[in-house]
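Just below is one structure, and these are the notes that go with it.
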Amino acid sequence: MDKANVKEKIEGSNNKNTYLLFMIFCYLIPIFIVYFNYDSHHSVSSIICSNKHKYIILFFMFLMGLGTILYEVERKDKFSTIIITMLLFSLYGLICINEKSILHFIFSFLTFAFIITFMIRHYILTKYNTVLLISLLFEILFALYSVIQLQKNIFFSEVLLLANFAFYFIYLHFLQ
């Protein structure tokens, strides 16, 4: 590998590190809002979709989305960038639509479908990494549990879904 390629690889890695830190910072605000407002809520949506919280959450999720798209562009994988962009749009729709609406359920389904699609893609691209496979299987289990328990309390399964995806994304970052 010549010096120019090494320099480009290091600079790209630094950009991805910066974008990842920015994404984590922006994501922490919605996490804190959910954490400090959980009392007897049955789902994450019941907190993030409330008029009291949705606009601040949307703002920080929009910022996180910009960082995520820049991160994916830096990764130079157009298909992954498209998946993440669709995931973000479905997530914004999920936050904006009342949790009792059928549209909310559609956006919820799309959000988790794009998450799982992203996870499958990168599991394959990493040549079937075992840790990514385990995380992917947990994601599918948590999603199925959430669907089965939909009319009951799904707060913790939703939190596990989101935490597991965050783990997957960060693990993937350090893997590459």
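Note that Cβ sites are derived from N, Cα and C of the backbone, with glycine treated the same way.
Long-range contacts of the transmembrane segment (19-36) within the same chain: residues 44, 47-48, 53, 56-57, 60-61, 63-64, 67-68, 70-71, 74, 159, 166, 170, 173, each at least 6 residues beyond the stretch ends and with a Cβ under 8 Å from a Cβ of the stretch. Look at TrEMBL and you will find 19-36 (among others) tagged as transmembrane segment.
The transmembrane segment annotation in TrEMBL covers 56-73 (among others). Long-range neighbours of the transmembrane segment (56-73) within the same chain, counting only residues 6 or more positions beyond its ends whose Cβ lies under 8 Å from a Cβ of the stretch, are 15-16, 19-20, 22-23, 26-27, 29-30, 33, 48, 80-81, 84-85, 88, 91-92, 95-96.
If you look up TrEMBL, you'll see 79-95 (among others) marked as transmembrane segment.
Only residues 6 or more beyond the boundaries of the transmembrane segment (102-124), in the same chain, are considered here, and those with a CB under 8 A from a CB of the stretch are 45, 49, 79-80, 83-84, 86-87, 90-91, 93-94, 132-133, 135-136, 139-140, 143, 161, 165, 168, 172. The transmembrane segment annotation in TrEMBL covers 102-124 (among others).
Through the fold, the transmembrane segment (130-148) approaches residues 112, 115-116, 119-120, 122-123, 154, 157-158, 160-161, 164-165, 167-168, 171-172, 175 of its own chain, all at least 6 residues removed from its boundaries and within a Cβ separation under 8 Å. Summarising the annotation, TrEMBL assigns transmembrane segment to 130-148 (among others).
The annotation transmembrane segment is assigned in TrEMBL to 155-174 (among others).
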